[in-house]
């Protein structure tokens, strides 16, 4: 509507029915199709003279290289995760291309512009750490519904998910894998139920009394902690035999057969749902059992989570929650409405016009929130706050220190966990002692690809001898124009319990100042004294991260940064090319 | 009055993400409430209309103007996203209904015949009215006994303006955090002055301008300069005089109050007047409409459900400064 003549859109996602309440370029017939394609078509219908092009794909793909980015005068981010935001930020900073980032959650929306040397970049201010829970809270002493939900997801993984994943319910996995294979759902459901909702609670009740019998000295410290926490709780074991697990009529469904997810049920109905879910999983998933991953839009799996988390909540005397709410917490759903998205889109276009007309001194970081009717839109000047120590937009070359367990740490751990997750690198090239030992990119030939694939599951020290002579690894990402050095240390003391990831990753800026490099480090630093073992628990899947409530986000935006809770923007233009 | 209809499973699925923002009760209230959208002369009104339809509220559209020629169609297409090139010859209200029916799933959209609010019977059956206007003086024709909350909207270049009047008595609930607990609080706004009187009051510029201007001097805040610039615009519209003449009226008042010298220092006033003046050349600046329209839809939602504190009085959005603020009716009044 403003008059942009050339727009290109990149998106990898498909349209879900829950998008239709706000993304007005899509209709019901479009559900399941690619967003970028449908959006481009709808815009083209309305503006036939507009030159609009779409791509289905991840913006981190190699085909969106520097030549691609260089061809734009303005780039809009409409992303929903930190990793991709960091990637686009780095590319835009390295190519000196203006980037406008924005997003919304509920009634709150934000917009911020990023211009090399004129404004701070996306990574000038460290991102907020996602909420994490100590393992022992999840495993033994939950006191909030979210703890029960996280636990329920681990249980789902332990019973039906991939064996390779880290899971503190390993004992359940081992004990029950045979029963799962048998496919007798009743036997399995009863076994699981009895073990986790009955026996385990009984044994906790015993543990609680143990302290009184033996006194402190004979117990391990962790046990004492657990006991002390348990003493504050009212524990209620559940005996499945008192419930009718196979009723004639399913009472938790309405007349049309839809689960009553907006209501809180009697505990007996959660027991029924538990049995029913296990039956459905075993009968409907067939070969997939053993590789099931939680998906909030899968009604059967969601049913399992709703049942398990409420049953566990009952065990620990925690208030029950509706299925509707549990879906939101388990699936990390960001509530979104069309009007906030429309507002963000409008503000982004305005900021974009300031950039194109050279009025960069007028750029603002803008926050919209209709909660406070008096001050609905607030802004602050962003041109003064560049972080001189930023690893991305300043010339500081970061040095990292990585301590790993030499007996277990593989090349794929280095790439997937440290580089891709901790450092948000998309296509790394690794060099040690002047020799490249790993590469990614579109220009590799098949032999090379095969060779590197082959190396991935090898041990970094034992098989690949990385770090034998030189302990510095040079990491390059040509797409992001990102370079850093990692000092590699092998150690046998990387305690798996303390560090579920199996490594310690730290940053050393300019040789002295230590900083928290990413969310990964935050979790491995115990809350209290280092000498005391503290379990921490972080889900592998970032989807498990819990969203702060809008009030928190408000505070975050007050420091002029969005967090990753921000949802997509429905003005659809992710990349705009402008010809005036 | 129709009986209250519950949400169907299908509606719960489509509206899932927004129900997570405002809850099932509010969504059900939206389903059973009707809003009147009248006089779609501003893109901010059509943006609000689009959002309200997507949110799932019943809507009546009142706008008898015809898309009679290709030129008129093109003009309307440059203002409204929802008007498209296949709609030549249609009534504006019907064109909007046609487009909205395509992008919404369950919203009940109807067309009302007539060319102004006076033609609408039973205004009381609406939960709220949203009204676009060409010229500020049109607001003088508003019914004085209107009890339904009404929102007026227009934008001037980089500036968006809206007025909201909630009727003589309006109550709403809001959730407040007190000692970390959610408490529901009910507030009642009592206001015996109809919107027309407020408008007249605001337009009786010379009564309170000296006071307002003295505050401008004290605070030297951009927002006050901005208000003065807007008041000049209102004066110019309502009296049918040039912006420059309206401005000299203000300067007169400045000088009468021995503030004339200070006016020269106020570069912001000139800047805002420039912004507003420019808007007469490009009356519809779409991103501003988008911000204002989105915001008004959100306020309408509060008004319809009576949940949350809506803005009340005057709302201003300045796209250059990226500031959006509302001022209660008494804000200007108290300056006198």
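Using the three backbone atoms N, Cα and C, a Cβ is placed for every residue, glycine included.
TrEMBL entries are annotated by machine, without manual review.
Taken from TrEMBL, the feature domain 'THIF-type NAD/FAD binding fold' covers A:2-390.
The ATP binding site feature in TrEMBL is assigned to A:11, A:19, A:20, A:21, A:22, A:35, A:80, A:81, A:82, A:83, A:84, A:85.
According to TrEMBL, the Zn(2+) binding site annotation covers A:121, A:124, A:390, A:393. Neighbours of residue A:390 (Zn(2+) binding site), defined as other CB atoms within 10 A of its CB across all chains, total 19. DSSP assigns residue A:390 (Zn(2+) binding site) to coil in the three-state reduction, placing it in neither a helix nor a strand.
What TrEMBL lists as active site, glycyl thioester intermediate is A:136. Of all Cβ atoms in the protein chains displayed, 19 besides its own lie within 10 Å of the Cβ of residue A:136 (active site, glycyl thioester intermediate).
Each residue in the domain 'Ubiquitin-activating enzyme SCCH' (A:220-327) has a pLDDT score, and their mean in this model is 87. Sequence annotations record features per position, and here TrEMBL assigns domain 'Ubiquitin-activating enzyme SCCH' to A:220-327.
Annotated domain 'Ubiquitin/SUMO-activating enzyme ubiquitin-like' per TrEMBL: A:402-489, in sequence order.
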How many neighbouring Cβ atoms, not counting its own, are there within 10 Å of the Cβ of residue A:80 (ATP binding site)?
17
Of the recorded positions listed as A:121, A:124, A:136, A:393, the one whose CA lies nearest the CA of residue A:22 (ATP binding site)
A:121
What is the number of other Cβ atoms found within 10 Å of the Cβ of residue A:84 (ATP binding site)?
18
Using the recorded Zn(2+) site (A:121, A:124, A:390, A:393) as reference, state which further residues of the same chain have their Cβ within 8 Å of the centre of those residues' Cβ atoms, listed in sequence order.
A:93, A:120, A:122, A:123, A:386, A:387, A:391, A:392, A:394
Cβ-Cβ under 8 Å from residue A:20 (ATP binding site), same chain, 6 or more residues apart: which ones?
A:26, A:27, A:28, A:31
Measuring Cα to Cα, how many Å separate residue A:11 (ATP binding site) from residue A:393 (Zn(2+) binding site)?
26
Applying an 8 Å Cβ threshold (strictly under) against chain B, tell me which of the binding-site residues A:11, A:20, A:22, A:390 fall inside, in sequence order.
A:20, A:22
C-alpha spacing of residue A:84 (ATP binding site) relative to residue A:390 (Zn(2+) binding site), in angstrom
18
Work out the three-state DSSP category of residue A:84 (ATP binding site).
helix
